[in-house]
Amino acid sequence: VLIIAVLFLTACQLTTAVTSSRGEQKHRALRSTDKKFKVALLCSPPGSYCFGPAACCSNFCSTLSDVCQESWSG
């Protein structure tokens, strides 16, 4: 009876460990997509006002019109 109880408790601990590690993986995945979303919000899309290339998602800010460009047009 003691051996069965020990095996049962060991199985419960292993099941709990596997379940909690899966939960952590899901949370890690959510955190990484959250970071990407926040970075996307920090840059300005093409056609919007910019104050330097770092402000634009494309890294191209027209110095004449202060507007984000899709790409550099020579």
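Here the Cβ of each residue, glycine as well, is placed from N, Cα and C on the backbone.
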Scan Cys43, Cys61 and flag the one Swiss-Prot records as disulfide-linked to Cys50. Cys61
When you check Swiss-Prot, which of Cys43, Cys68 turns out to share a disulphide bond with Cys57? Cys43
Cys61 (disulfide bond) to Cys43 (disulfide bond) - Cα separation in whole Å: 11
Which Cβ among the disulfide-bonded residues (Cys50, Cys61) has the fewest C-beta neighbours inside 10 Å? Cys61
Write out the long-range same-chain contacts of Cys68 (disulfide bond), meaning residues 6 or more apart in sequence whose Cβ is under 8 Å from its Cβ. Ser44, Pro45, Pro46, Gly47, Ser48, Tyr49, Cys50, Ala55, Cys56, Cys57, Ser58, Phe60, Cys61, Ser62
Using a 10 Å cut-off, grab the number of neighbouring Cβ atoms around the Cβ of Cys56 (disulfide bond), all chains included. 22
Residues satisfying Cβ distance under 8 Å from Cys43 (disulfide bond), sequence separation of at least 6: Ala55, Cys56, Cys57
